[in-house]
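If you check TrEMBL, you get these features:
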- G17, D84: Ca(2+) binding site (BINDING)
- H375, H380, H555, I678: Fe cation binding site (BINDING)
- 2-133: domain 'PLAT' (DOMAIN)
- 134-678: domain 'Lipoxygenase' (DOMAIN)
- W118: site 'Essential for stabilizing binding to COTL1' (SITE)
Amino acid sequence: MEEFQVIVHTLPAPTSGTYSILRLTLIGSEGGETPPISVNAGANQHRLLPGSACVVRVWSEVALGRVVLVRLRLEARTGFPDLDWHCRGVEVRRLCDRQEEGAGLQHQGAEHFPCSRWLRSVDGDVELRNGDMCLLNSETVQTLKDHRLKDLHTKQQHIRWRTFAEGVPHCVDMTSLKELGPNLSYTRQSPGINLQYLRGFAERAESWSSFTELETMFSHNGSQNTVAKYVQAHWAEDWFFGYQCLNGCNPLMVRQTRLLPPNLSINSDILCPFLPDGSSLEQELERGSIFLLDYEMLEGVPANVINGKQQFLAAPLVLLHLNQQGELKPIAIQLQQAPGPQNPVFLPSDPGPDWLLAKTWVRCSDFQCHQLSSHFLRTHLLGEVCCTATLRQLPEVHPLHQLLMPHIKTTLQINIQARASLLAANGVFDKNVGCGLEALPVLLSRATERLRYRSLCVPDDLADRGIHTLKHCYYAHDALRVWNALHRFVSGWVDMYYLGDQDVEQDSELQSWITEIYTHGFLQLPHSGCPQSFQTKPELSQFVTMVIYCCSALHAAVNFSQVDFDLWMPNCPASMMHPPPQTKGMLTEDEILSILPDVNSTCNLLITLFLLSQPSADYVPLCQYREPVFSSGAPHRLVEKVQAELRAISDEITDRNKKLELPYDYMSPDRIENSVAI
């Protein structure tokens, strides 16, 4: 008979304990197992209290070999609430009988079986294995191989795919947090936002009466926001329009161009006054100083009806010129894709109100693409696809499961909540945004069809768009430094578990994972460039870096900047109440207000942006891990190294920003959340 000492640990958090009865079984490498014993009932009167360590003896009449699994089952206790229990882990020590007289039983070294999750009575049997991460091909015990397959099969029964909208990345087949369960949901600690001065406008379904009235609302909500005040002061200036293309809340649209779009009705003579003396449009194109914004994905998208009033959308083309001072300025704006006499090209030399309205139309179009493509698709939906595939195809013992989950786990909850509220009937998009419920699936499917894997990888994206060398593109500078630090970290992680490219090719779990992402995320679109399999370690490292970057740093750049740039509503209106102008010289600046969103929709949207744009009070910064696997050994050394690199980047950004009139710190690692948590 073999004897074991087992210690069951409960997390110390106040609500971690339970009244329920815990039954425990040890499973050995030879396939044998002990009869289940009760840890906290019958002869063992332990209590599963917060922070408790319950010690029990377990006997086995069969030779177990090495204990490789611990099976736990929680059963509701009669007459008591059926509370979930947060298990920290289990320690198992084999007791051996030494033959020397009076020696008695001796302890061998403890085997640790980490848990760090909630257990429920409805879960049935839950089996823990030791905390050593490994690939499937490294498993030497058949019992553990079988457990690995069984674990994935169980997850795949619970976590399934469904179609959110045609042509859009698939989502998890859940509609409530109850279905998600306690281990994939979280509680976000609110930073305590003051919304007092935005409430109370619900009945004002009318235009702002004057810019003075709009300024009154702004001053009560933006007086402490230095960036928002700077935006209000400079929003109408051409250089600031270009600055926002590079460093605003949507720095992903602008690109260098060497050719004019064939549907842009413009020629060199018209643009000469806005170019350097002695130069021509052709010379500036060849020099690489002409940039393009193209919102063609908005063409023909149905516009919303807000407060009973038809709204309107545009699909602009914008040419910008990079001058010798490093400023990017718009020099031509065409508000619709098809050229024609009723689609004039607006120029900086046009009457002031016409030029300002043309730029405002572009900012409105940018709002639609920012919210649904740059923000929701590239961070939220991509993160959800990768999280769902990870849960379904990579067992918890897989090293990439452990590396990825801290960055992607939160996407399931936030996206379930978004589909039930923000993107649902009577939600924010339905009531306040030019792209309402009818347009939402259209624009998302177009954005998905245009999504390229290269555009998700920072070095490729910046080079392809020709912005990597721009002196004043702080997003590009910071993004590249953060990407490189993450890439070195991920490459080191991959090196620890994959000795060569052959190990990557032969990892069947990994290949199933990328197949699911290609199928359900990139919808098997070959032109997306998404890998369909992995052959080499560099390929794998790049893809994993991309996932972590998009769900942390990119999300910080496109989400936490929103209130700063949108609080002064004319800078980034969510809808327009008149169609794009077809003539020039017929507008006054005050008349622009009648085209912008109503009072109630302005304030309702700002309430949502305030709630979404503030990091939680308890947020976890980038690469600050709380999971046990990162706390010791080689993983811990890798984490320490990347944390030191990220701290250095934060310090460099802080020093740079001291010299800037408008600091840019959205990509500072100490401000980047580790995952998409809001």
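The backbone N, Cα and C atoms fix where each Cβ goes, glycine too.
Taking the features listed in TrEMBL, we show where each one sits on the structure.
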{"residue": "G17", "record": "Ca(2+) binding site", "Cβ contacts under 8 Å, 6 or more apart": "T10, R47, L48, L49, P50, S52, L83, W85"}
{"residue": "D84", "record": "Ca(2+) binding site", "Cβ contacts under 8 Å, 6 or more apart": "T18, W118, L119, R120, P182"}
{"residue": "H375", "record": "Fe cation binding site", "Cβ contacts under 8 Å, 6 or more apart": "H555, V558, N559"}
{"residue": "H380", "record": "Fe cation binding site", "Cβ contacts under 8 Å, 6 or more apart": "T411, I414, N415, A418, H555, V676"}
{"residue": "I678", "record": "Fe cation binding site", "Cβ contacts under 8 Å, 6 or more apart": "R188, I414, N559, L611, L612, Q614, P615, S616"}
Other CB atoms within 10 A, centred on H555 (Fe cation binding site):
25
Integer mean pLDDT for the domain 'Lipoxygenase' (134-678):
96
Within the same chain, and leaving aside H375, H380, H555, I678, name every residue whose CB is within 8 angstroms of the centroid of the CB atoms belonging to the recorded Fe cation site, in sequence order.
F376, T379, I414, V558, N559, L612, V676
Would you count the other C-beta atoms found within 10 angstroms of the C-beta of W118 (site 'Essential for stabilizing binding to COTL1') for me?
21
Of the residues in the domain 'PLAT' (2-133), how many are helix, strand and coil by DSSP?
3 helix, 69 strand, 60 coil
